[in-house]
């Protein structure tokens, strides 16, 4: 979910790392099962990391989630991870309109509201149409997403207990939203999650709050498996020492997104007419979106390459706009990927910085046994010239 431009200017450089599509079992166990935790008496755990298990998939669910404990005693909430927006929010027992979970799973405020004069409130209410009646009034928020979904609520603070990979425990008091009016509009059905874990780089992001407390460095990464699931981490302790290349993020005064580029598209290792793409990394978007011109060029490349192969357009399959059927229904991507060529994004301002997208990273197999292109035309949903790399892409760097 790419939030509409209601955020603050990009003031710090955060590094976002997308790892291999294959999650080794030993690595997942090492990351998610640290032993012998010890309480942290200091807020200084800088250099350590926090890791979360990811659940979900691109299809048929259309989202990825992590579990986050909030409160004292803590209550666990499943949240949709979203690097395209800042604010973390949970559905609120206030009462709640548009909520999708039972009332006993809603968050109940307990006098822990953030006041309107708080710096974090000023950050989230930076848009001209937000006004405080007084500095001691409650801090209202409204976040709108590019798919026309939204959440309206109040900002509050509570304990969020975290277990670090160095074994320490911390219970920082962090700000998040309590949403009492949610709207969902989009290609996928409304998620049954309790809210959104906003991982953008604005001041209200939990990531930024943890960094400002000296608990982590400004690094967020996730590893998504093509089989579904994976893990998410905050901090730099889990960044691999080798096998990773870096490309700088673009700093902008008008967006809080993780944006990079320019990048040129290669098809089967050959250059194409698609050049100079600026890209936003957005884990909350189920699919990748190219602008209309780039998308049309990609579709033509794929379509022309499929000539003479045992695939034909499956126009009756409405799962995604462009699908193909084979001689018999496909059971998995492994049945069909040999018919498709790899894609590659070359970042022109970074030496040898290549982002590989094998067929497994841009195709899905539907419940009808057809294969569909998971890169969509963003112009059709109002994104204009914006290009989004979504959670569907399981990246491999070279």
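Heads up, the Cβ atoms here are built off N, Cα and C, so glycines get one too.
As annotated by TrEMBL, active site applies to 82 (among others).
The number of other Cβ atoms within 10 Å of the Cβ belonging to residue 282 (active site), over all protein chains shown, comes to 27. What TrEMBL records for 282 (among others) is active site.
What TrEMBL records for 64-398 is domain 'Peptidase A1'.
If you look up TrEMBL, you'll see 1-28 marked as signal peptide.
Note on the domain 'Peptidase A1' (64-398): its mean pLDDT in the predicted model is 86. Residue 82 (active site) counts 25 other C-beta atoms within 10 Å of its own C-beta, drawing on all protein chains shown. Distance noted between the C-alpha atoms of residue 82 (active site) and residue 282 (active site) is 6 Å.
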